[in-house]
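Visitor: Pulled these from TrEMBL:
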ACT_SITE  Asp376  active site, proton acceptor
ACT_SITE  Tyr461  active site, schiff-base intermediate with substrate
DOMAIN    73-143  domain 'Copper amine oxidase N2-terminal'
DOMAIN    161-258  domain 'Copper amine oxidase N3-terminal'
DOMAIN    306-706  domain 'Copper amine oxidase catalytic'
MOD_RES   Tyr461  2',4',5'-topaquinone
Amino acid sequence: MNMKTLLIVLVLALATIFALVCVLLTRGRAPGMCQHQPLEQEDTGDGQSLVFADLTPVELAQVVRYLRGSLGVQLVDASRAEPSDSCIASVELQVPAKAEVLRFLDGAGARPPREALAVLYFGNQPEPNVTEYVVGPLPTPVYHRDVTVQKYGGKVPYHRRPVTGKEYVDINTLIQQELRKAPRFLATCCESDGTDLAILTTAPRGFKSGDRMTWFVLFHNVPGTGYYLSPVGLEVLVEHKDLHISRWRLRQVFYNGRYFASTGDLEDAFVANLLEVIRIRKPQADMVLGSMRPRHPSGSPAPLHYEPQGPRYSVRGNRVTFQGWSIAFGMNPNSGPRLFDIRYRGERIVYELSLQEAVALYGSNCPGGMSTRYLDGSFGIGRFAYELVRGLDCPYTATYVDQHYLAESETPKTNQNSLCIFEHDAALPLRRHFSDSQSLYYGGLRKNTLVIRAISTLINYDYIWDFMFHSSGAVEVRVHATGYISSSFFHGRGTNYGNRVGPHTLGTMHLHHIHYKVDLDVNGQVNSLETQDMGYELGKEPWSMQNTIERLYLRRKRLEREDEAAFLLNAPMPRYVCFASPFSNKWGHLRSYRIQIISFAGEHLPVSSPMERSISWGRYQLAVTRRKEEEPTSTSIYNQNDPWTPTVAFADFINNETITNEDLVAWISVGFLHVPHAEDVPNTVTVGNGVGFFLRPYNYFDEDPSVDSPDSVYFSSEQDTGACGANPLACLPHTAACTPHLPPFRYGGFLNL
């Protein structure tokens, strides 16, 4: 071996040794921490989006202080108030008029004064009523004005007020007093003295305007489990209309298919052996139907969502921005999540996108179930959006936002971390193509979306509210239902109204109907409604005229009036319904946004029903009306307890006005029929129980705007696909070679209960 060869061998050997040393040194080393830039959580400067911001705890407290000192009436804290007292029921943001806001956002107009809407129950008056005041300006109020008559055409009758927590406590006390009159029956039927039974409200409360009479359903209550699946067969009807609690009465009792005038009569029938009693043993925690405790120890960790270089969105105050999107977000304590001033690439697409109402309508052969029509806004869709569980309700590294409210108390409360924002990788291409002819290449874009989410727990059900923003310029709105089903005691022909899911449990069939307001401003406020659909035309083939051909053609129509634009639920509707601006894109088509609804709604309550007008928005899968400041919402919190004379009836919004070149609003209903089954125990799953709609650009742009996304991927057969410079996917092994920074897990969702 000559000297040259020996040197080459030595150099190679040294290189090999060096490489091995590097491998050994790095093999046990943990990857570096991902560089996560902290986000600015508070808006700074003169943020325009603050015009939509929910009231702060300081502002809420200031309104309470002002009202206490300015109304000249004795106010009792709502948490202690009896029906004969006067109290502040709630305080929330009074959203300024749209014209005023747009002058501020788009022109040189002044910032609208910041105001609050206060709801007061005046029970300590000769004519008790509910009154609404606008209070301002904040943060230091100096005026208030009564807007009740302006909004509703008169004072709101007192019986329409939502039931408070204090009222429920007093009703529970009455029921416990009555249960003590049937001790032997309760011991035999339920192994109970009544004090350990859970009591569930139904609604509405009676059968005619002025009633305040509620069926309450009793269940075995096992701590740490869902009592909703353990009915004992006993239901009671309580009349609680009188201003004086001492005059409230239990009017009827139901047990196992029979009705009694009182619990005393029930006890007498039992003692006389005139009552068929179904003996139900008190369930144990490890055997109860509603237990969600894990049955197996945890396994290996599931895949983890994280951002190697920190979030690509920015949250400042009540506004989030992401790859051309800009959205102001908030939470109404009654109606739930709402978004304002939604812009894409600097252009406003939607002025307001807000949840309006969620209805659950039940069937059963028990009185509580058969009469239940929950209007969840009356209970508080936003108020009961509790803290989200990091890593399950939302990705662990999502941004979490607190929500503040004042309801049934003079002290503001905070649902911390009750709204989350995150970028979601759908593990699906937004668009892609693999070319295997002419030239060989691959092009595509991942489907990454910005998600704003909240979850409301409304008695037994949990609703997951999602608002998603795509790089194609589309907005997706989606709701999933989960939580516990409601149930009745299984007896008689119960399976006419659902499925048996336990020894004595009937999973009762029900409808979920959800209503949204979408104030689209497509290329400005002046819009028209256009529809397109398909048809076949039969004709001769033009190249020979010997054969016939069925040719697809496009039917276009402009809808001129509101009656034409009110599409009944489950009736045929044009496949393309678009809000069109008067301006054209590069190709001569009107710049438009399409409404695409994904829904499996059941049948709406018959119009002949005396309470149908209170939820008359449910008649329509889509209704487009002229926007009016005096029609801000499709329903009212007062509709629940007086659906027979609704405070707001959506059907009155549709009066055949012209909708050509006007400021328009789309009112969208989605929903599904749910017939509970064995697999709904212990919980209803989200799979297959999601509905919603899309707002999709339709000739709004000259091409798909996602072509400008920095996430686009393209490589050809002539390139080195493993080179980071040619293919961003090849960069991932380096850019993602870090450990995400995970904050400690904490949960405070039980604090405000």
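Including glycine, each Cβ sits where the backbone N, Cα and C put it.
Because the structure is a prediction, the values reported are computed rather than measured.
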Visitor: Report the DSSP secondary-structure composition of the domain 'Copper amine oxidase N2-terminal' (73-143) as helix, strand and coil residue counts.
Guide: 9 helix, 26 strand, 36 coil
Visitor: Let's see if you can do this one: DSSP helix, strand and coil counts over the domain 'Copper amine oxidase N3-terminal' (161-258), in that order.
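Guide: Each residue of the domain 'Copper amine oxidase N3-terminal' (161-258) counted once, the result is 29 helix, 30 strand, 39 coil.
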Visitor: When you measure from the Cβ of the residue listed as 'active site, schiff-base intermediate with substrate', how many other Cβ atoms are you left with inside 10 Å?
Guide: 22
Visitor: How long is the line from the C-alpha of Asp376 (active site, proton acceptor) to the C-alpha of Tyr461 (active site, schiff-base intermediate with substrate), rounded to the nearest angstrom?
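Guide: For Asp376 (active site, proton acceptor) versus Tyr461 (active site, schiff-base intermediate with substrate), the Cα atoms are 10 Å apart.
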Visitor: Taking 10 A as the limit, how many CB atoms besides its own sit near the CB of Asp376 (active site, proton acceptor)?
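Guide: Asp376 (active site, proton acceptor): 25 neighbouring Cβ atoms within 10 Å.
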